[in-house]
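J.: Sending over a structure as structure tokens; questions will come in a sec.
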């Protein structure tokens, strides 16, 4: 259970959840989040783990035992997790970069006397009401050194994806180092990973609690917390708020990326995964909620300090956590020490998730041909090959325009719209084609009891309805991708993004068509045969 906790309680909670809250009006985001959590997140989380435990197969082959016609959902899940692992390691590279720059007596993002700072940079000590009137007019549009360190030093940000630019070798080395760590930690498979997460899954919670205490004691924190907790109900009419809430549930719960089915396959047949799933769900969402308090208390402080509305205090994109959290440690005693501890925490959270994502990817693919890939060191060689391929793809994200590529992958390739598509067909496979009553019989055999009716009705009606509605809204209300609200991605980049999205979604109907063409008999007979697990006989 600790491996799963470490794997899905990670950066999605302390990095993605706060910036989506900030983007969507704070408390307004929490209402659809809770609805999707109860109607989709927890039921689908339990369903995937139970499918893996029942079949003892990875994320692809498990579906051949449930509904051969929809085995494509397994292939789609592996495509999503493959793109996600390429994306995810970049966040770890950023974290390692910050960690390397934390071993100094004065944190480089706390001052404006660095080579990357511009004339607009204004240190926090000059922003007090007492001193602000003495600041020259050139600083009226002042920029925090934290923001300049992020945009100018870490990213070296260009003007757009058209200007990808050269490799940033410091970030490239950080990314390579992270892939080396992932490879050797997964060398012996899930048993080694399970031992490692005893530390990596517990230390981050202590650090998060410390940051929370520091955040809520800052002046202006109440403003941020109010923005976080009090919803602007008018925002609920915006479909994007609902779409982001649904996709965040899937992202943070690792649903539809083959991870849960793969990890569930390692459980003993009679293991009580129902109880574990409920406990882990509480831990997951509680971590997100607490992280929101930490982030928004810091944003409230920054808003008061800069004299602006909290909605304008920082970018609402992926870089939010790399601005708000580093800002927090500069205001603590011994800031360099706390910076080191914080970025170690960030790396441990991210590595946990990366371990589980890559392990799920490898397990799913190895189970396609276990006779060949489990002999000798072939599994390790296959793992190494996947790491190298992912590293090469990730090189595009450690260039000076890499942030634009990163966000393109995040918005399309590893996006919620793809997960919603897969989740809908997972519900169809289990509840409608395999049969929800039949699956409940399986659960009773495994667990020794039948779960309550809520799960049954979620799988039959609520979860697929939420997924389908959210998917349709996402298509109808689709808006072209932007960076930081002011840069619009060109049409060719949007086209590349849709190709990334279709790479996973096409697997479901594509595989079904191939199986139907290969089967014998009338079309009705083929569909009937392939829709039943009896097709395995």
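Heads up, the Cβ atoms here are built off N, Cα and C, so glycines get one too.
It should be emphasised that the depicted structure is a prediction, and the values quoted were computed from it without experimental measurement.
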J.: Which one of 457-475, 476-494 shows up in TrEMBL as transmembrane segment?
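T.: That would be 457-475, per the transmembrane segment entry in TrEMBL.
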J.: Per the definition of 3+ C-beta pairs under 8 A with sequence separation of 6 or more, do the transmembrane segment (249-266) and the transmembrane segment (381-399) touch?
T.: no
J.: How would DSSP class residue 121 (disulfide bond) in three states?
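T.: Assignment for residue 121 (disulfide bond) reads strand.
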J.: Any contact between the transmembrane segment (495-518) and the transmembrane segment (196-229)? By contact I mean 3+ C-beta pairs closer than 8 Å, pairs at least 6 apart along the chain.
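T.: Taking Cβ pairs at least 6 residues apart, the transmembrane segment (196-229) and the transmembrane segment (495-518) are not in contact, as fewer than 3 fall under 8 Å.
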J.: Return the stretch with the most CB pairs under 8 A relative to the transmembrane segment (381-399), choosing among 72-99, 169-187, 323-349, 457-475.
T.: 169-187
J.: For each of the recorded positions (112, 121, 349), count the other CB atoms lying within 10 A of its CB, then report the residue with the highest count.
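T.: Compared across 112, 121, 349, the most Cβ atoms within 10 Å surround 349.
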J.: Going by DSSP, give the three-state secondary structure for residue 112 (disulfide bond).
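T.: Looking at the DSSP assignment, residue 112 (disulfide bond) belongs to neither helix nor strand, so coil.
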J.: Near residue 13 (Na(+) 1 binding site), which residues of its own chain have a C-beta under 8 A away, given they sit six or more steps off in sequence?
T.: 252, 284, 287, 288, 291, 349
